[in-house]
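Trainee: Let me give you the structure first, and then I'll get to my questions.
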Amino acid sequence: MSDTAGKPIKCKAAICWGAGEPLKVEEVEVAPPQAHEVRIRILYTGICHTDEYTRSGKDPEGLFPVILGHEGGGVVESIGEGVTSVAVGDHVIPLYTAECKECKFCKSGKTNLCGKVRATQGKGLMPDNTSRFTKDGQPIHHFMGTSTFSQYTVVADVSVVAVDKKAPLEKVCLLGCGITTAWGAVVKQPGIKGSSVAVFGCGAIGLGVIATSALVGASSIIAVDTNPGKESWAKKMGATQFINPTTLPEGKKIQDHLVEITDGGLDFTFDATGNVHVMRAALEACHKGWGVSTIIGVAAAGQEISTRPFQLVTGRVWRGSAFGGVKGRTEIPGLVEDYLNGKVKIDEYVTHHRKFLEINEGFNDMHAGDCIRCVVDMTVL
Ligand SMILES: NC(=O)C1=CN([C@@H]2O[C@H](COP(=O)(O)OP(=O)(O)OC[C@H]3O[C@@H](n4cnc5c(N)ncnc54)[C@H](OP(=O)(O)O)[C@@H]3O)[C@@H](O)[C@H]2O)C=CC1
Ligand SMILES: N[C@@H](CCC(=O)N[C@@H](CSC=O)C(=O)NCC(=O)O)C(=O)O
Ligand SMILES: [Zn+2]
Ligand SMILES: [Zn+2]
């Protein structure tokens, strides 16, 4: 038992007080975990494009004030009544896609989406409809059930997984979102081995899709990105070709170009941009009769996808993937072992490091174009 168990903890957290505002690192009070909850000392967190999406006000589910962050790694400080899946001192990764193993979704065998805590998670609250975070008595919203931009956070026991202590948390924290999302989107899609693939967007997610497609044996991998600086990254991760759509002749659509150079289109395409026009291009770059396009990118409030229904009538399939279709509590320990055995890359994605007080600079790093992932050290102010 830690000597803080059962007591509120005062610590620093990065609060976003309103849409579009920078984060403010301030003292908050973190209440003890209630039944079936876990309080975690967060040591490291990545910054994902989705944190910026919600901070910017583009997320229709966005609530303020909020403590963002969903790509963390930490150590269990204390547990609430009835928690059996993790123990004090365990190294853990919070999961924004819970896995209760008993709801209709979990038992279906068809999806990784769990119904147990998603409704309250979307309201920025714990399952009992209250918050564990307060600032001078004012409740602050949780985010994605994880809120890793706080030195201590509280999560539901179905939203956390213990991992091998040999794994460095400053690296495996990225399994909380980016790397796992990309890995799962590919390995859970049958048929990639021996097939042609195009990946739109070469941030951490797109690069992870490229690396995993190479790992499972895709025959060709075309990377598409408007940022020329991403060519070397894409090739390093296993892309066989890089195309910058802005360099095509005026009026030439990227999907038409891809269909021409691939003898009718790709077997598989992935959107990792969040841009609905790119999602359409990715679908239309698929081969007639069998091409499958997966949407991973998250689009802003009010944005909708469109295409001619004929694209689907003629056999192309449009699908989406959340957290790569991965069931976190069941599958992340295995991914950590794959990382330790050198089968899954993580270190390569960490291009920037920031101290906690520099978290806004971490967000700026993301916009600079040369950042794949920035990892924030929550222990250093
Ligand atoms: N479904 C899920 O479970 C998850 C979804 N996401 C979402 O995935 C998306 C990608 O995330 P992440 O990799 O972190 O984001 P990044 O912003 O790092 O990567 C996106 C890349 O796409 C490039 N790009 C922008 N516009 C175009 C275009 N028109 N055509 C081709 N490339 C373009 C960007 O270039 P530039 O650098 O110039 O901007 C950048 O290189 C986001 O929408 C994120 O919210 C993330 C995690 C999980
Ligand atoms: N709140 C947004 C939806 C955002 C979204 O689609 N999130 C992804 C994960 S993105 C991680 O970086 C996801 O897993 N979605 C499934 C879910 O249950 O949220 C909106 O309302 O548009
Ligand atoms: Zn994310
Ligand atoms: Zn469930």
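Using the three backbone atoms N, Cα and C, a Cβ is placed for every residue, glycine included.
Among the features that TrEMBL reports, domain 'Alcohol dehydrogenase-like N-terminal' is placed at 35-163. According to TrEMBL, the domain 'Alcohol dehydrogenase-like C-terminal' annotation covers 204-336.
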Trainee: Please average pLDDT over the domain 'Alcohol dehydrogenase-like C-terminal' (204-336) for the predicted structure.
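Mentor: Here the predicted model's pLDDT, averaged over the domain 'Alcohol dehydrogenase-like C-terminal' (204-336), is 98.
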Trainee: Mind checking how the domain 'Alcohol dehydrogenase-like C-terminal' (204-336) divides into helix, strand and coil residues in DSSP?
Mentor: 57 helix, 22 strand, 54 coil
Trainee: Going by DSSP, how much of the domain 'Alcohol dehydrogenase-like N-terminal' (35-163) is helix, how much is strand and how much is coil, in residues?
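Mentor: For the domain 'Alcohol dehydrogenase-like N-terminal' (35-163), the helix, strand and coil counts are 20 helix, 40 strand, 69 coil.
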